[in-house]
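Notes to accompany the following structure.
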6 protein chains.
Amino acid sequence: MGGNGREKDHASELRSIFSLKKIADAVNGYEEAKYVVFGIPFDNTSSYRRGSKYAPDSIRGAYVNLESYEYSYGIDLLASGMADLGDMEESEDVEYVIDTVESVVSAVMSDGKIPIMLGGEHSITVGAVRALPKDVDLVIVDAHSDFRSSYMGNKYNHACVTRRALDLLGEGRITSIGIRSVSREEFEDPDFRKVSFISSFDVKKNGIDKYIEEVDRKSRRVYISVDMDGIDPAYAPAVGTPEPFGLADTDVRRLIERLSYKAVGFDIVEFSPLYDNGNTSMLAAKLLQVFIASREKYYKEHI
Amino acid sequence: MGGNGREKDHASELRSIFSLKKIADAVNGYEEAKYVVFGIPFDNTSSYRRGSKYAPDSIRGAYVNLESYEYSYGIDLLASGMADLGDMEESEDVEYVIDTVESVVSAVMSDGKIPIMLGGEHSITVGAVRALPKDVDLVIVDAHSDFRSSYMGNKYNHACVTRRALDLLGEGRITSIGIRSVSREEFEDPDFRKVSFISSFDVKKNGIDKYIEEVDRKSRRVYISVDMDGIDPAYAPAVGTPEPFGLADTDVRRLIERLSYKAVGFDIVEFSPLYDNGNTSMLAAKLLQVFIASREKYYKEHI
Amino acid sequence: MGGNGREKDHASELRSIFSLKKIADAVNGYEEAKYVVFGIPFDNTSSYRRGSKYAPDSIRGAYVNLESYEYSYGIDLLASGMADLGDMEESEDVEYVIDTVESVVSAVMSDGKIPIMLGGEHSITVGAVRALPKDVDLVIVDAHSDFRSSYMGNKYNHACVTRRALDLLGEGRITSIGIRSVSREEFEDPDFRKVSFISSFDVKKNGIDKYIEEVDRKSRRVYISVDMDGIDPAYAPAVGTPEPFGLADTDVRRLIERLSYKAVGFDIVEFSPLYDNGNTSMLAAKLLQVFIASREKYYKEHI
Amino acid sequence: MGGNGREKDHASELRSIFSLKKIADAVNGYEEAKYVVFGIPFDNTSSYRRGSKYAPDSIRGAYVNLESYEYSYGIDLLASGMADLGDMEESEDVEYVIDTVESVVSAVMSDGKIPIMLGGEHSITVGAVRALPKDVDLVIVDAHSDFRSSYMGNKYNHACVTRRALDLLGEGRITSIGIRSVSREEFEDPDFRKVSFISSFDVKKNGIDKYIEEVDRKSRRVYISVDMDGIDPAYAPAVGTPEPFGLADTDVRRLIERLSYKAVGFDIVEFSPLYDNGNTSMLAAKLLQVFIASREKYYKEHI
Amino acid sequence: MGGNGREKDHASELRSIFSLKKIADAVNGYEEAKYVVFGIPFDNTSSYRRGSKYAPDSIRGAYVNLESYEYSYGIDLLASGMADLGDMEESEDVEYVIDTVESVVSAVMSDGKIPIMLGGEHSITVGAVRALPKDVDLVIVDAHSDFRSSYMGNKYNHACVTRRALDLLGEGRITSIGIRSVSREEFEDPDFRKVSFISSFDVKKNGIDKYIEEVDRKSRRVYISVDMDGIDPAYAPAVGTPEPFGLADTDVRRLIERLSYKAVGFDIVEFSPLYDNGNTSMLAAKLLQVFIASREKYYKEHI
Amino acid sequence: MGGNGREKDHASELRSIFSLKKIADAVNGYEEAKYVVFGIPFDNTSSYRRGSKYAPDSIRGAYVNLESYEYSYGIDLLASGMADLGDMEESEDVEYVIDTVESVVSAVMSDGKIPIMLGGEHSITVGAVRALPKDVDLVIVDAHSDFRSSYMGNKYNHACVTRRALDLLGEGRITSIGIRSVSREEFEDPDFRKVSFISSFDVKKNGIDKYIEEVDRKSRRVYISVDMDGIDPAYAPAVGTPEPFGLADTDVRRLIERLSYKAVGFDIVEFSPLYDNGNTSMLAAKLLQVFIASREKYYKEHI
Ligand SMILES: [Mn+2]
Ligand SMILES: [Mn+2]
Ligand SMILES: [Mn+2]
Ligand SMILES: [Mn+2]
Ligand SMILES: [Mn+2]
Ligand SMILES: [Mn+2]
Ligand SMILES: [Mn+2]
Ligand SMILES: [Mn+2]
Ligand SMILES: [Mn+2]
Ligand SMILES: [Mn+2]
Ligand SMILES: [Mn+2]
Ligand SMILES: [Mn+2]
């Protein structure tokens, strides 16, 4: 570890040794990346079991234990063009956070890249939806309809995400899968039927493929938002409110692998590491791999 | 918060502000209620992982996180007539506890209401069975046959519940579903075949509907007792002895939803919050909702 | 369990069997009680490890394991006149909660009784302070100065409690013991010196008795507020932010036992059962016993 | 507790009272046993979540809670001829441990008995494979291909087990089921196709029976090695690296029950009690029972 | 690993490789041992947080991590003559267990050895006391007076140990240190003053040495029984009922080190691994070392 | 969020929004920093409870909850000149890791800055010691003498750190405080007396100040290495092997605050977040603050 006359100190040598933690396969800089991962450590509107703001770091930590090569898809993530921007600075102001997410998703998409957002709670998805081009529909995995007009006096509460998305996208543009908890006020809202809510019971009865195909037929492009509580708590215990009777982990994997080819963005939200046994962080990290690897596989085979 | 000349102190005003914890939707008093919830914090005959005496409070705590509206059945629990009596005072005397349960279940049923008992361990179900009218059969969910004549010198041990029920109800009146652990002595007991024991393996092979239909055909009315260890420990980890290869959570939901219309009583037992990750309490609370909501839906549609 | 012609149903008989959970020694009704316990399950302004809203029930649960007889003071808690009102209904509105606490503490004190409030977070103490008679000083146990003017845009945040108390009580009326975390903005506030802040390091150096005596000399009557994070996290791990180098558990016991005789009210706040190993709930329950038993002992000996 | 003149001390009387912990049904000495259980507390090449060296004791502890009678197979384990040798003394030297395992498995098999090895990490299986007679094939349950030539400079690392087994057994002799994590270097290794790797996705699609039958057709005798991470982490959370999308617990039960009749040995590895909620130890203990009971049932029916 | 013509199988060779888990330094057989360790896995009369029956194995597991050499005393435990007999077979019958303990302690002492009993709950100490020679006094470390005549209808409940010991030993023969929880009925029992109860508050005020010296002066020989709940829960969290304000870990170490030279037996009870973070098992293992090492040091220096 | 003609993409705008996690007060770049924090996520020679490689991130996470202003010292950490370089890339090769640490510590010191290293296990300190100028002595806090010549065939095992440091620094240059576990082989090594080993028992008896003063008198400059297991496990439970009877948290704080003014470097090692309840990470973060704040205070007052 030498040095030479031109250098005042060892800063650059040290920089080559150390780095702050990134997703393990995120070896690209922003400029050359195709997939741009970033974390939004925000959980301020959550009322019960908080902690989703710790999720980005927990997912990065779990990801280290995955192979870079995604065997099922034959794709090497190391060669797929991932960058990791790190996390947004924490803020308690939900509107500021959503505005920032909007700016970021817009910027990333306008640079021709795919944003992959690690929440944080579900309310941040509203920012991403605001940034979507006109022809992009929304696919949500969730246990909850998130269809309240406002909650605790806040229209940006995580219980209002799908309602806000409807305001932005309009009727027939949103599919929300895994639903098994809806309040009376939400169910009786005349606008409720403007979203295609698919219950986990329907998925168990008819299979996930039926619903994937409906989306595939109707939507030219999609943004996919995975609220981890859509998945059954046997597979994803570390969520705010574990709701029994959820989707199988393989149902959600299937949905992502089938629709990633027309996805312009992706997020994973509502995972709270404070309640984890190690399974939820691994599943979240793996779903991120599934998204990229299945998408890369499609374009390798079709182009 | 005023006060007036007639009142000695602020007792009544304070009573309007405070209340001890009830099941969240239990907004009715006993007199006007249709469903009467009560807790029996007793786990004294349990030999391995105790703690089921903490279950009633844990279920009440989890229930807070559920919607009052049961979306799958279209039923508002708030409007379904639930009362919560609280918990019986703790006692270490199993016979006294069982006698008390018998009195309580008798009283509630003679008032034309449905008792919903939150255990505590399974031995308390013997008290409920004693109180059943002659035409009511027993449906049990359990990993264990609970068919010992006596255990550790105690014929009211929780390992003897089904045997005691057979003494009371006689052959052909009991169905116990989810069985996967039976001792040699139980299996070789000539009376073993007087109960319809359905193993979890049979349910996995043939589907739960086949066995629900058998009960439905043969029994005019039923009492349903859910030992949480009947369910697979992936869904219900917080039980005394987690037994692998159990029933799916959705199997038990299906059984309850299909038979609640002819049920005169219901209990949930053997859940020990000391070992929970939050999933078991939510599942128990949800099964209680499923019982009431599916029953209410039936009578709304059929009357 | 009979019944007679005059009674329509078994409601009153059932009421004699069941009850919702109270502090175990709270065998008195409000009217005949001297000490009135109630819970305020509110933790909405807490930003890090939440969960103090679960504290009242956890303390009630731990209390069951204590003897009714307080051996060190020779006092039988069962005979000391405790009532337990239960918990206030949950609300997310900090101002409404503080207003309600003010009403309740006023009512209880005007009935000649001692309010014992189980939080919930520290912000609720502001309500109690508003209700104090003019000659009552405030004694706080805390790791934090809680002296921000406002925090996250909220002047009733739990980080502002002592500041709000100073607004109400004025200079020289507040002693806050155990302090070891103060922000620069707080420390440089000219009003900071209007409160007597005693650091945990000073207590370790000089002994707690020196500071107890200062309070005892200067204050005719006191209200005691125990933020559990004042105590070292080795003894009280289940707090929002464990701060190293805290007060010994015996220091806080000593402070309570020496000042209870001139106390008109008492609270225990900022304990979050979500992070407990069982030690914090037991310590909180025990400090409640210490407060009553030491106070009863004083009056037994001095009157 | 007498004594007599010939005895110097009470050693033999005390020996009849005490014993060090064995698998509960292991009531036979080595000489009369048919199944010989032993533990290899070794986890030294594991890089992530260690602790598999505590597994033998944890499995013994869980086994106590199982019935001796295996109801599904109608077999009494107490009468099946189990011995438990205890654990090998701990060593950090992987080659020494593997050599010892080879000696032990050879010795047990040459005495006409079935070795049942409780790991410890997967690397110990290499010792067992070395001891196999020429006509015995290998069946592995695993999430990982374990096919690295060497890992961290060690060819006996637990990530190389299947590669080492291939060196010993040759092409077409190994089936590894449950695979869902393979590195690029492993996948592109020309020898990779010499092992029959069956992914968990193939099992979910085609059913486990298809693959069991393939093994059954092609292999005259087998050794079965169960890496607990082959099973889905919902059922077996306590493994080094929980990999989502795994085999159902019942798939692995089925595989064992169908192939035990031609098994000459069995092991359970990679279970780390440090991360358990009680489910993984019970499942491991139960799979051990399934192996013996299904094998005993077969020979009872066929001989 | 050879073999020869005279040997039918490999039993003896295998025995040289494997062994069931013993205390790590227990390298002696019973016959040549000076200190005889054994476990009594019994916790059947415990009513709250059970699990002390798992303590012997947990202590053996923790002991592995200690040095054999006890640096503070300059003693090598490996050379001190320890044997480990393993555990008594589990029984639910408290009287049978106590009778067995009596037999064992008698046998060990009549062979001129020192029994070291690992509980299990405190009730087993009654068996040891019955076996004591006439001139041996009892020294107890405990948070509780354990002085009930009977509890839950059982005079051998763990809450009655000291009372039973008084029945056997008579007035002035028992010292119980660390007391801070006594029921009214116990305190008012006229026999209460026949035991020397020293509260933890007295120890904190006067120092442990004062009380050690009192015992040392009055007793020619002692049996030492350490209920782990005597120690403060900050040091020993894994006990049935954590009682705040307990003895320092170093107080108990001091007591053992000062009195071991006149001890004829020693036990550690009421540690429940189910609630441990790893500290309590290490402390229990270390106190066992302290007992032997300090005793050995004394006799090395004085003989 | 505009953009202009000169910019190809939004990279720089996004960089202003996101950052990877640093110590919260590390707002300086390397060039302008006085204190340079970096993490060494290495725990490969640890044999029992691993996980110290997760410590740097856990300390960064806990630090967020501390005030930037250190009230006890009147120092604002935000203004103290901290930089955080992030973590070294993981490697399993202990010699490579130690070599890298040597290079880094040399570089930082030659730039006139103070290195603050977050381990990882204790073996990394050897790299720092190699980089020390000739007049710098070593002060260690540890429960263990770490004085083995080699361990498991590795002279750079974490059990050999102090021995390696003696090789480098020579007799009379090392003080190791908190010692309570030493093997016989270490104790009888003739070189053992070339290090000043101070046991925790001596510190409890004589006070920490006596030993601080000895170091202060004899050493012109020091490097301070804190093995978290030197502190009592009541305060720092999350270490590899919790050793009872350790140093008080305030003893270690005192040592750091008194010697920081002559320190040229500092490290915190052997903290394993896998076993934490939140207390150990907070204590480690706080000790880092104590080091900088007390040092800054000294130079503010003395220059
Ligand atoms: Mn959502
Ligand atoms: Mn949701
Ligand atoms: Mn049962
Ligand atoms: Mn059962
Ligand atoms: Mn506070
Ligand atoms: Mn505070
Ligand atoms: Mn493997
Ligand atoms: Mn594997
Ligand atoms: Mn005791
Ligand atoms: Mn006790
Ligand atoms: Mn060290
Ligand atoms: Mn150490």
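Note: Cβ is positioned from N, Cα and C throughout, glycine not excepted.
TrEMBL: automatically predicted annotations, no manual curation.
Among the candidates F:His122, F:His302, the one that TrEMBL lists alongside F:Asp142, F:His144, F:Asp146, F:Asp227, F:Asp229 as binding Mn(2+) 1 is F:His122. In this view, F:Asp227 (Mn(2+) 1 binding site) is surrounded by 29 other Cβ atoms within 10 Å of its Cβ, with every protein chain counted.
Note: F:His122 (Mn(2+) 1 binding site) has non-local neighbours F:Asp142, F:Asp146, F:His158, F:Val161, F:Ser225, F:Asp227, F:Val269, F:Glu270, i.e. same-chain residues 6+ apart with C-beta under 8 A of its own C-beta. DSSP assigns F:Asp229 (Mn(2+) 1 binding site) to a helix in the three-state reduction.
In the three-state DSSP scheme, F:His122 (Mn(2+) 1 binding site) falls into the helix class.
For F:Asp146 (Mn(2+) 1 binding site), the number of other Cβ atoms no farther than 10 Å from its own Cβ, over all displayed protein chains, is 28. In the three-state DSSP assignment, the secondary structure recorded for F:Asp146 (Mn(2+) 1 binding site) is coil. Close to the recorded Mn(2+) 1 site, the chain also has F:Ile140, F:Ala143, F:His158, F:Val161, F:Thr162, F:Gly230, F:Val269, F:Glu270: residues not among F:His122, F:Asp142, F:His144, F:Asp146, F:Asp227, F:Asp229 whose Cβ is within 8 Å of the site's Cβ mean position. The residues near the Mn(2+) 2 site, meaning same-chain residues not in F:Asp142, F:His144, F:Asp146, F:Asp227, F:Asp229 whose C-beta sits within 8 angstroms of the mean position of the site's C-beta atoms, are F:His122, F:Ile140, F:Val141, F:Ala143, F:Ser145, F:Val161, F:Ser176, F:Gly178, F:Ile179, F:Gly230, F:Glu270, in sequence order. Counting Cβ atoms from all protein chains shown, F:His144 (Mn(2+) 1 binding site) has 29 others lying within 10 Å of its own Cβ.
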